[in-house]
Amino acid sequence: MEVFPIQADTYKIGFIGAGKMAESIARGVVRSGVLPASRISTSHSKTDRRQVFESFGVKVLPKNDDVVEESDVVIFSVKPQVVKDVVLQLKPLLSKKKLLVSVAAGVKLKDLQEWAGQSRFIRVMPNTPAAVGEAASVMSLGGAATEEDGNLIANLFGSIGKIWKADEKLFDAVTGLSGSGPAYVFLAIEALADGGVAAGLPRDLALGLASQTVLGAASMATKSGKHPGQLKDDVASPGGTTITGVHELEKGGLRGLFMNAVVAAAKRSRELS
């Protein structure tokens with residue numbers, strides 16, 4: 001199989017689709033210095049979306065065809081229900097010299113590769129915290145994608161958070177955990193804030209404390225090297241306030257509820273895809 005290496009110091013990326021996810025990725029890439037905005041392009045029919053990308057230096061071209069022709073790495077960031085039509089429309093331009101990437105939820109590599117007529121494809125599943133540079137992303141490589149291609153994409157998506165490599169068969173479970181997980185955490189933050197209000201705190205103070213507490217706890221879980229159970233034990237002194245609160249959560253079945261939510265969402269992802 002002939003290999004067409006992508007030159008790390010000169011390659012260009014193009015976004016097919018100029019929505020919020022494309023914007024988050026492009027902003028992260030520029031902000032981190034991975035690529036200058038001058039080597040990024042997209043296309044969109046709406047003036048407001050064009051202006052958003054132009055505001056931080058991204059080139060906005062007249063048509064998707066122009067974006068593909070200009071780019072070494074083409075990232076499909078359109079809605080899942082239209083990705084097939086978009087890929088098929090651009091198929092004549094999708095040579096094996098181009099690395100193709102999809103962030104469309106639920107669209108499998110085998111279909112993407114069939115529509116594109118080539119298998120130098122990488123599927124990436126980011127999540128909504130990409131908007132603040134804290135995405136949890138997972139990628140899976142298509143048949144002709146090289147290790148170097150994977151490293152390049154890991155570098156790009158590393159600019160908007162953290163990225164892991166996994167077999168595509170795990171993507172439904174990934175959806176249940178990191179794809180849907182932000183909603184579970186938002187619900188937990190809201191509930192903690194409501195508890196603070198019930199205990200007598202003003203609403204704005206309760207919400208601020210709840211949000212920052214979750215952020216701080218997540219940082220400890222990722223940076224301390226300790227298991228979450230150990231971190232919990234470190235806070236829960238004998239007969240104290242924390243273990244009393246933890247006891248209430250255990251009586252309510254909190255662990256099982258979170259586990260069931262992930263499993264149910266993963267099952268639904270399998271049904272939809």
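Just so you know, glycine gets a Cβ as well, placed from its N, Cα and C.
Per TrEMBL, these features apply:
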- Ile16, Gly17, Ala18, Gly19, Lys20, Met21: NADP(+) binding site (BINDING)
- Asn64: NADPH binding site (BINDING)
- 12-106: domain 'Pyrroline-5-carboxylate reductase catalytic N-terminal' (DOMAIN)
- 168-272: domain 'Pyrroline-5-carboxylate reductase dimerisation' (DOMAIN)
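Within 8 Å of the centroid of the Cβ atoms of Ile16, Gly17, Ala18, Gly19, Lys20, Met21, where the record puts NADP(+), the same chain has further Cβ atoms from Phe15, Ala22, Glu23, Thr42, Ser77, Val78. Reported as a whole number, the C-alpha separation between Ala18 (NADP(+) binding site) and Asn64 (NADPH binding site) equals 10 Å.
Of the listed binding-site residues, namely Gly17, Gly19, the sparsest Cβ surroundings within 10 Å are found at Gly19. Annotated pair Ile16 (NADP(+) binding site) and the residue listed as 'NADPH binding site', C-alpha to C-alpha distance, rounded: 6 Å. Within the set of binding-site residues Gly17, Gly19, Lys20, Met21, the entry lying nearest in space to Asn64 (NADPH binding site) is Gly17 (CA atoms). For the domain 'Pyrroline-5-carboxylate reductase dimerisation' (168-272), DSSP puts the residue distribution at 89 helix, 0 strand, 16 coil.
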